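First comes the structure, then the notes that go with it.
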């Protein structure tokens, strides 16, 4: 099994609703370790660059507005198959389709405010981690 890094973002709705500790518990109970973490307020430019892959999608403007509406917590998670493991504990993108026992299944109600972001591939995890963290911040 491969030890990997993945990026997690606890979105503004998670911070505003004070459930970051609950989400961190799900992460740690899965066997993943939080090795870097910081709270920040994304600028419009940062959100546009981070979600650039979605720039031609109809929800892009709403996504950028939401991601800049309040503080987020960005994290680096480390563990065996971290990318797929975190995607599994996040649950389906649409909380209505997410299983109970997943972050979205237990804490989210709406697809546009679904509490968390996680890298979808090892390659994207590397890019996303580098977007938010300098190499010297990584353990």
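The count begins at 1 with the first shown residue.
Note: Cβ is positioned from N, Cα and C throughout, glycine not excepted.
Here is what Swiss-Prot says about this protein:
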type	residues	note
BINDING	11, 59, 87, 93, 104, 114	ATP binding site
ACT_SITE	117	active site, pros-phosphohistidine intermediate
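Rounded to a whole number, the distance between the Cα atoms of residue 59 (ATP binding site) and residue 117 (active site, pros-phosphohistidine intermediate) is 16 Å. Using a 10 Å radius centred on the Cβ of residue 87 (ATP binding site) and all shown protein chains, the other Cβ atoms total 18. Of all Cα pairs drawn from 11, 59, 87, 93, 104, 114, which the record names as binding ATP, the longest spans 21 Å. The binding-site residues in question are 93, 114, and the one with the fewest Cβ neighbours inside 10 Å is 93. Taking a C-beta cut-off of under 8 Å and a sequence gap of six or more, residue 11 (ATP binding site) has these contacts in its own chain: 66, 67, 72, 113, 114, 115, 116, 117. Non-local neighbourhood of residue 59 (ATP binding site): 112, each in the same chain, at least six residues away, with C-beta under 8 Å from its C-beta. In this structure, residue 104 (ATP binding site) is part of a helix by DSSP. The least crowded of the recorded positions 104, 117, judged by other CB atoms within 10 A of its own CB, is 117.
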